Amino acid sequence: MKKTAFILLLFIALTWTTSPLVNGSEKSEEINEKDLRKKSELQGAALGNLKQIYYYNEKAKTENKESHDQFLQHTILFKGFFTNHSWYNDLLVDFDSKDIVDKYKGKKVDLYGAYYGYQCAGGTPNKTACMYGGVTLHDNNRLTEEKKVPINLWLDGKQNTVPLETVKTNKKNVTVQELDLQARRYLQEKYNLYNSDVFDGKVQRGLIVFHTSTEPSVNYDLFGAQGQNSNTLLRIYRDNKTINSENMHIDIYLYTS
């Protein structure tokens, strides 16, 4: 009897260890499937620019930076951020409020985000790139080992396996932007998320949800971006939303109709 119980417990433990799935529901509680915006509703060049942002463009990634400089009270200007860029020298980070700025100005920070130059307002003209959020404190924010974030993905209600290496971070508190940029790059590579219909862009609607065990979930409509260019498409990250990475997972819902 004891031997049987031991074998059963061992089987359960192995199942938990090897399973690629995590707790998730087939329907998101935050946004109803029918409320999701359709790809066809995006304005003008928005679809192509979203593909450029999430798949092709380089990201601003660095650690242990510090700056007291500003352009406006809700910004932090990192002079000399780019060392080998063809066009830009400085990076201007824009936030929702001065309160967010006060948390990071003059402190050692790490940056990870999507930046843009066209319609970047502030800093030295043609030498400054802009970014929304993407900032975390550097000190006491390191995990003992890299966190690989589990992902549940449903395509038209059918669950698909996502490699565990897809989204990862070494931060305890990480911006949602950092995780979202990695997840959407995978979605573009695997599912042609931001391709037009004629270029095999079968996904028409989508939702990504970031779940933690201690905080409210954060979600984005994958085709809910406003405007056509990066200065508006990326504004969803202006709140610099951060979450605890240690006990979290991501749920993604994709629909082809």
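Using N, Cα and C of the backbone, Cβ positions are placed for all residues, glycine too.
What Swiss-Prot records for H211, H249, D251 is Zn(2+) binding site. Sequence annotations record features per position, and here Swiss-Prot assigns disulfide bond to C120-C130 based on similarity to another entry. What Swiss-Prot records for 1-27 is signal peptide.
Residue density at D251 (Zn(2+) binding site): 24 other Cβ atoms are found within 10 A of its Cβ, drawing on all protein chains shown. Sequence-distant neighbours of C130 (disulfide bond): residues of the same chain at least 6 apart with a C-beta under 8 Å from its C-beta are L91, L92, V93, D94, Y115, Y116, G117, C120, A121, G122, G123, N231.
The binding-site residues under consideration are H211, H249. Their Cβ neighbour counts within 10 Å are lowest for H249. In the shown protein chains, 22 other C-beta atoms lie within 10 A of the C-beta of C120 (disulfide bond).
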